[in-house]
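K.L.:
This is the structure, below, for whatever I ask next.
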Amino acid sequence: MWAAGRWGPTFPSSYAGFSADCRPRSRPSSDSCSVPMTGARGQGLEVVRSPSPPLPLSCSNSTRSLLSPLGHQSFQFDEDDGDGEDEEDVDDEEDVDEDAHDSEAKVASLRGMELQGCASTQVESENNQEEQKQVRLPESRLTPWEVWFIGKEKEERDRLQLKALEELNQQLEKRKEMEEREKRKIIAEEKHKEWVQKKNEQKRKEREQKINKEMEEKAAKELEKEYLQEKAKEKYQEWLKKKNAEECERKKKEKEKEKQQQAEIQEKKEIAEKKFQEWLENAKHKPRPAAKSYGYANGKLTGFYSGNSYPEPAFYNPIPWKPIHMPPPKEAKDLSGRKSKRPVISQPHKSSSLVIHKARSNLCLGTLCRIQR
């Protein structure tokens, strides 16, 4: 007997790549299993026909008849008791195998239709024909344990099929999300490239505008500089012309002034020369002064005439000069009083006066004589 659980024979290593939906069957002729296949345009299930491995030698005809309906998804029990108990087991096994094969083909086609979202008319016609060929097993030939076992296996099969469908749907959703993510990524990259290109174009335009603006400002500054230089040259020429005119006028005035001064000097010279000639003429006829000079000749005082001596003054002040009395300052008086505390002895003061006596001789003019009175 086989081990309890999945109730399936052990597969060789070549059948390990198939999905859980692939089940061994009693007949090695034509079995099918649904394998997820991804194409260029969509995803879905593709029905792959694969020969079932041969059952072990220990399996009898009754065991094959017991295990053959396990892959039948749409298997239903007959409530009416059949009368064909006397038929041979070989015919029953062949009928059950054909029904299981037809039901599996229908399940695979239905799953492919659900996943791909499209069904062909040919598959529908085949399914209708297969549904008509289904043969319900009489319940009288199965024991209660077999009925329970088959129901459990059908539930397990349905659960596994639903799980496979859910996993496949999840894979499809994940793949769709990945495709959408890749699409969004490509769109984002394209938008980023467009944005970068736009920014570069904008920067280039701004740079060109800046360069053009700088060149325009530079040209305007150069034009303004040239205009200012020309204006400055004109102003300088006007100023230079004005200065030259002023310099010429100043030199002209200086020449006129110098000429006038020379004329005045010449006139003064002429007048002075004229006056000198007149004085010289008059001096010849003017009487000489008396000999008022004195000198010693042969040891005797004698008078003689000298033209170098000063003439006798015509007037002199007969009142002798007296110095003005200036009282000493108070501070000096106080300081002198503090320094000398000795009693001052009064001495008789001899009044003297200086009298300027001008001798009548020319030898000692302005002689000071001290006369004591």
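The backbone N, Cα and C atoms fix where each Cβ goes, and this holds for glycine too.
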K.L.:
Quick one: which of Ser52, Ser68 has phosphoserine in Swiss-Prot?
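P.N.:
Going through Ser52, Ser68 one by one, Swiss-Prot flags Ser52 as phosphoserine.
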K.L.:
From the ranges 118-137, 158-177, 258-277, grab the one Swiss-Prot calls region 'Disordered'.
P.N.:
118-137
K.L.:
Select from 179-207, 324-352 the stretch of residues annotated by Swiss-Prot as region 'Disordered'.
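P.N.:
Checked against Swiss-Prot: region 'Disordered' maps to 324-352.
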